[in-house]
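Notes follow the structure.
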Amino acid sequence: MKLAKSFPLFSASVTLGQARARVAAVLAAAGKEPAALESRLLLEDATGLTSLDFVIRADETLGDPQAARLLISLERRLRDEPISRILGHNDFYGLDLIVTRDVLDPRADTEMLVDRALAFLRERRLSRPKILDLGTGSGAILCAVLHATPQAFGLGVDLSPAACEVAAKNLDRCGLASRSSIICGCWADAISGCFDLIVANPPYIARPETAALAPEVVRHDPALALFGGEDGLDCYRLLARDFGRLLAKGGAIFLEIGARQAASVVEILSSEGFRDAAVFKDHGGRDRVVTVRNI
Ligand SMILES: C[S@@+](CC[C@H](N)C(=O)[O-])C[C@H]1O[C@@H](n2cnc3c(N)ncnc32)[C@H](O)[C@@H]1O
């Protein structure tokens, strides 16, 4: 194993505590931060132990099979694979969701869209709101909104059959299968009816921005989830054409956007008759969500 030769990390009788410290040091040296957290997650995954076990059993020896598994994971991380893809799951809005190579790794920034959508649903107090998630991917947004809204029903759509499978598994994993459905198709082409809440985090990276993407993103998130054409706005243009027929009276649309796309997306929505758009910033102060209502 390459890494084993370069770093004598796990020579005979290394303890769990030492292994954790050494993995953290290797990660930190490679600029993988937060190294201590990533080390803990990789160790827990390799050993099947919990955080508490690591406190209580820090002096126990790391077994050979566990060390081998840990080295493989560490090598993957050093080759820029995101930690969630190595572990096969990630936290989104407090839910532990399956993440595979076929879906976008759900981002913390997208939680902001969920916050806004939930605030809208609380304000509307509908007895059984209907929710549509276009480009559902892992189902992250749909899972989070349905989980926090017990009477709601949700429909998720994705073009990728593999992503649809992951979304269905995640809805099931969150106990939401009976209140949701997943359809494989192109945006709203196969959808009829009206929805009280429409959410979408479409691919919005402009082609010229590809070179600036982090290796974690460009090598590991599916291209179908990332790129929105030359100016990044292709999907908003396609989606906006259907919003008029899909949005119920009193309903709202929440769209995640790239940091410099607010004005363009507001204009696209306006050209489809949706005036009075509002733009919300994320915790980093960047424009992140555009919303319009059908008043
Ligand atoms: C940026 S990802 C968002 C995934 C998820 N909603 C999230 O926020 O983590 C965009 C998603 O749109 C899907 N997608 C791309 N083109 C599509 C199309 N024409 N119709 C439906 N879904 C599409 C991709 O497969 C991908 O899952």
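Placement of Cβ uses the backbone N, Cα and C atoms for every residue, glycine included.
Marked as S-adenosyl-L-methionine binding site by TrEMBL: G135, T136, G137, S138, G139, D158, W187, N201. Residues or ranges marked as substrate binding site by TrEMBL: N201, P202, P203, Y204. Among the features that TrEMBL reports, domain 'Release factor glutamine methyltransferase N-terminal' is placed at 18-88. TrEMBL lists 127-214 with the feature domain 'Methyltransferase small'.
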Max pairwise CA distance, angstrom, over record-listed S-adenosyl-L-methionine binders G135, T136, G137, S138, G139, D158, W187, N201: 15
From binding-site residues G135, G137, S138, G139, D158, the one whose Cα lies nearest P203 (substrate binding site): G135
Sorted by sequence, non-N201, P202, P203, Y204 residues with Cβ within 8 Å of centre, substrate: G135, A200, A225, G228, C235, E256
From binding-site residues G135, G137, S138, G139, D158, the one whose Cα lies nearest Y204 (substrate binding site): G135
Other CB atoms within 10 A, centred on W187 (S-adenosyl-L-methionine binding site): 18
Binding-site residues near ligand 1 among G135, G139, W187, N201, Y204 (Cβ under 6 Å): G135, W187, N201
Counts of helix, strand and coil residues, the domain 'Release factor glutamine methyltransferase N-terminal' (18-88), according to DSSP: 51 helix, 1 strand, 19 coil
Packing count at G135 (S-adenosyl-L-methionine binding site) (other Cβ atoms within 10 Å of its Cβ): 23
Mean of the pLDDT scores, which run from 0 to 100, over the domain 'Methyltransferase small' (127-214): 97
P203 (substrate binding site), number of other Cβ atoms within 10 Å: 19
Y204 (substrate binding site), number of other Cβ atoms within 10 Å: 24
Around the Cβ of T136 (S-adenosyl-L-methionine binding site), the count of other Cβ atoms that are within 10 Å: 31
